[in-house]
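Before any comments, here is the structure.
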Amino acid sequence: MMKFRFRRQGTDPQREKIKQELFAFNKTVEHGFPHQPSALAFDPKLQLMAIGTKSGAIKVYGAPGVEFTGLHKDTTAVTQIHFLPGQGRLLSLLDDNTIHLWELVAGTPRDVGGVKREGVICLQEVGSYSLPGRPGIESCSATRVTVLLLLRSCDLLCIGTEGGGVYFLELPRLSLKDSQTLLQDQVTQSLPDDYRCGKSLGPVESLQEHPQQSGKILIGYSRGLVVLWDLSARHAEQLFLGKQQLESLVWERSGNLFVSSHNDGGYSVWAVTNGNTYNHQPVSSTIPYGPFPCKAINKILWRTTQTGSPVLLYSGGMPRASYGDRHCLTIQQDKDHVTLDFTSRVIDFFTVHSIEQENEYDDPSALVVLLEEELVVIDLQTPGWPTLPTPYLAPLHSSAITCSFHISSVPPKLWERLVNAGRAQQGRQHSWPICGGKNLAPQPKQQELLLTGHEDGTVRFWDASGVALTPLYKLSTANVFHTDCDPSDDPQDPSDDPDMQQEEEWPPFRKVGCFDPYSDDPRLGIQKISLCKYSNKLVVAGTAGQVIVLGLSDERSDHLVDVSVVDLLQDREGFTWKGHDRLEPRLKPAPFPPGFQPLVLVQCLPPASVTAVALHAEWNLISFGTSHGFGLFDYHRRNAVLARCTLHPNDSLAMEGPLSRVKSLKKSLRQSFRRIRKSRVSGKKRTITTPTSKEANAALAEQEDVAPVQRRIEPRSADDSLSGVVRCLCFADTFLRDGTHHGPTLWAGTNSGSVYAYALEVPGVGSGRVCERGGAGESSVCVEAVLGKEIQLMHRAPVVSISVLDGRGKPLPDPYEASQDLAIAPDMTNAHSVLIASEEQLKVFSLPKVSAKTKFKLTAHEGCRVRKVALVVFGSTAQEDYSEHTLVCLTNLGDMHLFNIPALRPQVRYDCIRKEDISGIASCVFTKNGQGEENTPNQIKQKIFYTCPTGFYLISPSEYERFSLSAKVLTEPLCSVQLDRPLEPTPASDGTTTQPQANGTHKNQMGQAEGQTEEPPSALSSPILDTPLDSPLSCADLTLDSTGELTVEDVRDFLTTVDEAENNLKNIKEEEGRSTGILIN
C-alpha cells in the first residue's frame, strides 16, 4: 500500500476565522460551597455577604446570581472580613498580618444576548497595609492583629493586637494615625493596684463601638478587663474589672448594657453607668450548661425584640466531658432554648436585623451560620426557628460525590414535575434574607440539570441553568434495600420539622444542616447515572452491582420493587468473588414519595461496582457493565436478554473487590515498572503477534518505522489485571449485518481494547420483525441479541468511548428525538461509521464491514492519553444557522483537544486542568448541545439550536469549576449594586481587566474573572501560563466517577511524569527547525 506524506504550507485564513466564531475557552464560574472557609461578613445596607477562604479567596454573594470574586496575590488564609456598609468596599485581614482594601468597581459595558449591559461591576483590590513593629521590640508578635473594628463613620479602623495595643488606621487611605495609638501601658496606669498586681492584660480580644454614642469603644482584653474608651478625649471613661478570661463582647442596642462571654462557658451582663469609674461585678453571670467544666463561648450576640425578651445567640459553651466534641450554637429567648448541633465546626455567624437608628429594637429576622462545610440559615421569625433552604452555596459534598451527569434542554414538563417534587421535600417556602444586588444576566433560553451521585446512595438534581447552582430535588435509593439507616420511615427532611428534632435531654440538641460525610453502607454509593428527558426514565447503578430503573410519578406510592438477578460470570470455573456481598432488597412494599420511584432492580453477580450504563427508553432496554462483563435487560418485560463475561483467565484482581486492593495495587505497579524498563532497553520495534480475533483496522496497520513526529507506543500485555472492565456501552440503530438493513445494536468496549457489537431483535422496531415471527403480539416476543462483530485494538488500549455516525458523519440522535421530530432524522441512505476512542488514539471505522477509514494517534503525537470524550455541537457567533459537530477530548495531562468529525482533524487545544490534579480530570463531565423550540410570528414552531458546550470538574470536594468551550454563549456572573459612592472605572491599560478566579484558581485561562464583563478572547489556543491553573487544594481526596476513577493507569501516569517529560523534550529538540507534517496512511 502506498503512503503519501505532505506538509502543511500554512493555515487557511477562512477556516481560522470560522474557528474564532466557534471555539473559545473560558473558566466562567465556580459552583458550590467554598472550600475551607475561614471568615464571614455581612453588609446590612447592601444586603451582601462575603466569605473568605484559607486559600486567600474572597467571594461576595447577594441575590441568586449576584456573585463577585477576588483573590489575594498570596495564597494566605483570610482571617477576618469587614464591610464598609453601603460603600461597596470591604477590608480583609490575612494570616500574614496584612490588611487589604477591596472595592466594587465599574466594568466595561458588554453586549449580552444582543442587549448592551451597563452598570456591571467587579471586585478589585485597591490597597494594602501592614502594621509596623514597635521600636525596640524584636518580636513582631506584639503587633500581630487579633481584631478589627470599623467605626460607623467608615473613616477609621481600630486595630487590636496581640501585645495589647490598639492602633487606628485612616480610611480609605490606609494611613496610620500615630496620635491615636493606645498602648497597654496607658490603660494599666488607670487600674487599681489590687487588679494590676504585675500581670499583663493580654491580647485585645474584642473591640465594639457604642451603639448610640459615636467615638466611644469597648476594648476587651484577654485577662478579662473591659475598658470603655473615649476616642476624642483619649481617656478611659469606665473600667469593668472582669476576672475570667474574655472571649467576645456585644452591646445591647440602647448602650446601657453589654454582654461578655468567657472561656469557662459562661457569659456576664454588665451595666454601663455614669459617674462610676470602676465596675467590679456584673449585673448577672451565667454558665448555661454548667455546673461541670464547659468549653469557651467563642462569640455571643444580644438582639432586642418588640416582645420584650431579647434573643441571645452564642457558639460553644458545651460541657467538656459529655459534649466537648460537638459543634453547637445556642438560641435563647425567654423559655425557648435550642442548641443547634452541626456536623462541622462553626466559623462565624451573624443576624439579619434592623440597623436604622430610629428603630428601638433589633428584631432579628434570620441567623446565618458559616460552618466549615456548609452554610445554614435559621428563620428567627417563625416559631420553632426552622432552617431555610439555600438557593446557592449548597454543600455539593453533603455526602461524597461519586459521579455526575448533565442534561441540557430539559423539557418544561419534566422541569415542572421535578420542581414540584422538590418543593414537597422542602416544605414551606421562605424569602432568602441575603438579597442584595441585581442580576443582569439574561434569562437562560434553556433549562439545564446537573445530577450528582453520592456515596450515601442519593442522587441530587441541581439547576445548572445560571450562575447559582440551586438544589431542586433529592432522590434516595436506600429505601429499596434493607440497611441500618431506613429513610423510608421518614421520607421528609427532618430539618424542616423542629418538633421531630427536639429531644428530651439537656442540652436540648437539634440536628441542623445536611452535611453528613459518613455513609451507613458504602455499597449504596452511586457509580453511574443515565436519564432520558423525554420518557422520564432514570437509571442509577451502584457500588454493589445494583442497577435501578426509575420512573417519574407525581403521587406517593407504596409498592414492591421487582428484582432480577443477572449472573455475568455465566458459571465460568476458576473464579471466586472475594469482595463485598450484595445489598438485600426489600421483600415487602415500601413507601416512595413523589418524584422518581423505582420500577425494577437488576442485581449483577458478582456484586462488583458498575462501571458503565446505557439507557434506550424507546426500546425499553438498559445495558450495564462491571469488571466481569456486561448485560442487557428489557425493563418493560422484566427479562434478561444478554450476559457476556469479559474476564481474561489472569483477571484475578477483578474478583477481589475494593477491600483487598492494596496488595494487588502493589503488584500492578510492580508490573508497570517492569514494562517501563523493558520498553527502555528494547532497541528495535518488536514484532507484535495478534490474537486469533484479528484487528479490524488492517487498512491502517502500524508502520515498521515510527514517523519522526510520533512517539513509540508499546502494546499492552493481555495479562494486565482488570482487562475485562467494561468502560463504555452504546445503543445505536445502524448497519451491522449488511449494508441494506439497519436495526438496533449494542456496542461495548473494555479495558483491554476489545469492542463487542451485538445485533438486537427488538419487537416493533425494524421492518417486518413481528410478521416474521408469525404475527405474535409484542408482549409475547422477547428481545434477542446476536454477536455481530468483535474488534480487538492492536495495542490493547482501554476503550473510552464508542459513537455511531450516520451517513452525513453526524452523531445519531438520542432516543425519541428522531421519532418525535425533536431532531433532524439521521441519514440512513449512506453508509454509517463508528467512532472508537481508546486511551491512545481515535479511529473511525466504516460499517458494516468495520474497515478503518481514518484515525488520529493522540498518544503518539501529543504524548498523552485520552480520559474523557464527548460529541458536542458548536454554534457560530456570526451565523445563527451554522454549527459544527465536534469531538471534545480531555487527556491525562489536563488539556482539551477538539477534532472535527468524521475526518478527525485537530482544531484547537486548550490547557484546562493541571496534570497533577488527577481527581479533577476524573470528575470532568461535558454538556451536549442545547435545543429548543420557539414560535415564529406565524405561530409555526421552528427548531432553534442553543449551543453552549460547557463542562464541569471538581476543584475541591465541595466545588465545581464551570468552563465554556463556545464563543457564542457564556454562563458567568453579570451583576450590579447600588452604592452610596460613585463607581470608579476599572483601571486597565488595554481596556480589559485580568483578575484571578477564586479558590486559588490563580489565573483564568483567558484572563477573565467572575463578575467581569470583558468580551471572551478569540484566541484559538490558550497561552502558556506562569501560574497554576487551579487551586492547590484541588488534589483533595475525592470519591469520583468510576469510569475515570483513580486507576493503576492514572498512578502510573503520575509516577512516570518525569520520564515522559524527558522523552518529550528529546522529541521536541529533534523536531526543532522543521515544520510539523501530517502523515496520511
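Residue numbering: from 1, along the chain as shown.
Each residue, glycine too, has its Cβ placed from N, Cα and C.
In TrEMBL, annotation is done automatically, which means it is predicted and not curated.
Annotation source TrEMBL lists repeat 'WD' at 71-104 (among others). Averaged over the repeat 'WD' (71-104), the predicted model reaches a pLDDT of 95.
Marked as domain 'Lethal giant larvae homologue 2' by TrEMBL: 286-386.
Assigned with DSSP, the residues of the repeat 'WD' (449-463) fall into helix, strand and coil as follows: 0 helix, 12 strand, 3 coil. Per TrEMBL, repeat 'WD' is recorded for 449-463 (among others).
Residues or ranges marked as region 'Disordered' in TrEMBL: 483-506 (among others).
Here TrEMBL flags 486-506 as compositional bias 'Acidic residues'.
The region 'Disordered' annotation in TrEMBL covers 680-701 (among others).
Residues or ranges marked as region 'Disordered' by TrEMBL: 980-1027 (among others).
Feature annotation from TrEMBL assigns compositional bias 'Polar residues' to 989-1011.
Per-class residue totals from DSSP over the domain 'Lethal giant larvae homologue 2' (286-386), listed helix then strand then coil: 4 helix, 48 strand, 49 coil.
Across the repeat 'WD' (71-104), DSSP classifies residues as 0 helix, 21 strand, 13 coil.
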